[in-house]
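> So Swiss-Prot lists these for the protein:
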{"type": "DISULFID", "residues": "Cys51-Cys125", "note": "disulfide bond"}
{"type": "DOMAIN", "residues": "30-139", "note": "domain 'Ig-like'"}
{"type": "CARBOHYD", "residues": "Asn58", "note": "N-linked glycosylation site"}
{"type": "TOPO_DOM", "residues": "28-155", "note": "topological domain 'Extracellular'"}
{"type": "TOPO_DOM", "residues": "177-208", "note": "topological domain 'Cytoplasmic'"}
{"type": "TOPO_DOM", "residues": "230-245", "note": "topological domain 'Extracellular'"}
{"type": "TRANSMEM", "residues": "156-176", "note": "transmembrane segment"}
{"type": "TRANSMEM", "residues": "209-229", "note": "transmembrane segment"}
Amino acid sequence: MAGVWSLSLPSCLLSLLLLLQLSRSYAGQFRVIGPGHPIRALVGDEAELPCRISPGKNATGMEVGWYRSPFSRVVHLYRNGKDQDAEQAPEYRGRTELLKESIGEGKVALRIQNVRFSDEGGYTCFFRDHSYQEEAAVELKVEDPFYWINPGVLALIALVPMLLLQVSVGLVFLFLQHRLRGKLRAEVENLHRTFDPHFLRVPCWKITLFVIVPVLGPLVALIICYNWLHRRLAGQFLEELRNPF
């Protein structure tokens, strides 16, 4: 009986030590959680990519960063309580900021300033605590600030107010013409002194031209403006592709 106890006691102690070691290792583990949906931003605006650890814990002493594929380009890196700007990819230098007001709760966010078309795509956020590291994916969608403008919208914007204005002017013109014909017929001799004699006999095609021409002018101008804006944005995008740094 004493022999059994002498054999079982060391094995029990060994099991307890293993359990303690496992509990310590699991106590330092966590998960990294991203926003779960794409973050959208306009060209030239700012974008914030949030990231947190679960369960929440103080991440001040951890290494926190964002990188992009390919080649794991460093977008932003926080280590030893400081931002490591020297390790950033050249295209992100001076454009990123780590928002760490809630880092004591394990919550941070990456702010990207002056967003470019080339910033669109996937990002990886990671937290590293000594030798343990977890990460999560974050996606950024960059949108054209004039994405809602198209020729159909331009036509609608131009036509509706201008058409209402021109219809109103045309109706007033026809009303005055009819009234002058009926009421001032007897005074036509006097009217000839102040009005063109052809004023009371304006052909329909002239009235139509009078109504349509002012509508087409602003519409053409808006379409030209729309094409210019899109060419400018496309040129900016191509320039970023040629000179990413």
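Think of each number as a place in line: the chain as shown, counted from 1.
Even glycines carry a Cβ here, placed using N, Cα and C.
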> Among the recorded positions listed here, Cys51, Asn58, Cys125, whose Cβ has the fewest other Cβ atoms inside 10 Å?
Asn58
> In whole Å, note down how far the CA of the residue listed as 'N-linked glycosylation site' lies from the CA of Cys125 (disulfide bond).
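With distance taken Cα to Cα, the residue listed as 'N-linked glycosylation site' is 17 Å from Cys125 (disulfide bond).
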> For Cys51 (disulfide bond) and the residue listed as 'N-linked glycosylation site', what Cα-Cα distance in Å is obtained after rounding to a whole number?
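It is 14 Å, counting Cα to Cα.
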> Please give the average pLDDT for the topological domain 'Extracellular' (230-245) in this predicted model.
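Value for the topological domain 'Extracellular' (230-245), mean pLDDT as a whole number: 65.
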> For the domain 'Ig-like' (30-139), DSSP counts of helix, strand and coil?
12 helix, 57 strand, 41 coil
